[in-house]
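Below: one structure, written as structure tokens.
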Amino acid sequence: RSRIAASHSHVGHAMSPNPAKKARRESGPVTGPDTVVVLDYGSQYTQLITRRVRELGVYSCLLPGDVDMKRITDQNPSVIILSGGPNSVHVEGAPTVPEGFFDHCQAHDIPVLGICYGMQLLVQRLGGSVEAAEKAEYGRMPVHTVNDSLLFKGEPTDSQQVWMSHGDEATKLPDGFNCVGKSDAGAVVAIEDPKRKLFGLQYHPEVTHSERGFETIKRFLFDIAGLTAGWSMQNVLDEQIAIVKEKVGPDAHVICALSGGVDSAVAATLVHRAIGDRLHCCFVDNGLLRFKEQERVMKMFKDHLHLPVTCVDDSARLLAKLKGVTDPEKKRKTIGAQFIEVFKEYKADVEKKTGVRPTFLVQGTLYPDVIESCPPPGSDQKHSHTIKSHHNVGGLPKELGFELVEPLRMLFKDEVRKLGLLMDVPKQFISRHPFPGPGLAVRVLGDVCAEGALDTIRAVDEIYINAIREAGLYDQIWQAFAVFLPIKSVGVQGDQRTHSHVVGLRAITSSDGMTADWFQFEPKFLQEVSAKICNQVKNVNRVVYDITSKPPSTVEWE
């Protein structure tokens, strides 16, 4: 993974110089600002550590926990964070740090923070003991801290709510370490060895449920490690444009699949800046779009983003292939396979018109897409489990002859929006809620061609989203949509018994799509929306609202 280069003009925090850091920097070639390497041991929250560090203006990259030392030293890290994970350090074969890790960190004065499993690794590898706890600790709970310690210096109180997720605990600390935090049950939850700059937290400071976790990470990076905030979206933009230019070269042509969403539009705008009209954009109407989606997005692409776009209507062919398909994975696979066919045809059209065979395909893949999909070998996300196959991830058939260009692959959604605003993508477009690549196929449960399901869900969704906009709530919500359920219920409409369809409404709040909570509408709003839907949409007599967070559910229903 390339390192994101940045300007040396730092927007920093006031702090005393760090002579050790300066000496380390002068020992070898350095480009850009400080880098934090996060070693991944399989926690579902690992990517959030990377995200929190970036939010503080420090570049952070993720590497697998058992990577060799060269991969780590190639990043020239100023700080290393060991993530949480599902394993037990005292079990044979459990993931550990690479050989020579602690010696290297000491020799180069690199501060280390272990989180959850990472803290247990510190304890176990340095001579302490970790054992199965008599009572596991999960969820939000209070901890008590020592406020004259480095980790908690300046905290307003010696108690805070944090997010726990562990079944093991440190029972004996290595020499040099102090316990600076305990849970109500007496478990060690925070440790530090100031002399060797080794720190550990048994809880997860990166999740929002830990009320002062973000402040603890900030204190560790700037006050303890002495880092400087010198990384921004402008750095990402400059480097990605340079990477695209270098990868594509001066003559090659590139195809981009525009979905109508923010991700592909921002990716296309960035690539267009890099290579100009050698980019050929294709918007496919696959029959699974929202109400008047084709008309609306094509106007945006041409009038506001000024992208070269061709619209291909493939709705009849795809819907014919989806008829009768009810399995969610089979629907996704069918859509993906047809997507490939369309691009074979579009590629041939571009080659015929330009005389040049396009060899690259732009996709708006984001970091959460990579995490939630089955990772290909060498992707560095090997500890993550498959949740669902993703339309952007998993590779293309070799015979297609495309090489992927994915300038957003290591970014979170909010970072992509910031990148778009930097490139003057209209705010109205940037603020659009995410829309899944498989479209309404994952919002119609079961057969998408059954009983006018698509027309029904389009009408319901339009009413719902318009009501949210009219209430001034749209920008407070990460994503809102309607779901067509494959069931009917008994109702009474116009003094007659009805047996009609049930639709679900979903609205969530989130900052990155990795975790989410349901949006708490006022009951009156839901009452009015339900009445509008049942009165205006034929064959719907019941509306339900989804109040499930992520986890345990995913955002989409399929």
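Cβ coordinates come from backbone N, Cα and C, glycine included.
Automatic prediction, not curation, is the source of TrEMBL annotations.
The Cβ of GLY261 (ATP binding site) lies under 8 Å from the Cβ of GLY364, ARG432, PRO434, PHE435, each of these being in the same chain and 6 or more residues away along the sequence. Marked as ATP binding site by TrEMBL: SER259, GLY260, GLY261, VAL262, ASP263, SER264, ALA265.
Per TrEMBL, domain 'GMPS ATP-PPase' is recorded for 231-432.
Here TrEMBL flags 1-33 as region 'Disordered'.
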Please work out which residue of VAL262, ALA265 has the most C-beta neighbours within 10 angstroms of its C-beta, and give that one of the binding-site residues. ALA265
Quick check: with SER259, GLY260, GLY261, VAL262, ASP263, SER264, ALA265 left out, which same-chain residues have Cβ atoms within 8 Å of the centroid of the ATP site Cβ atoms? LEU258, VAL266, ALA267, GLY364, PHE435
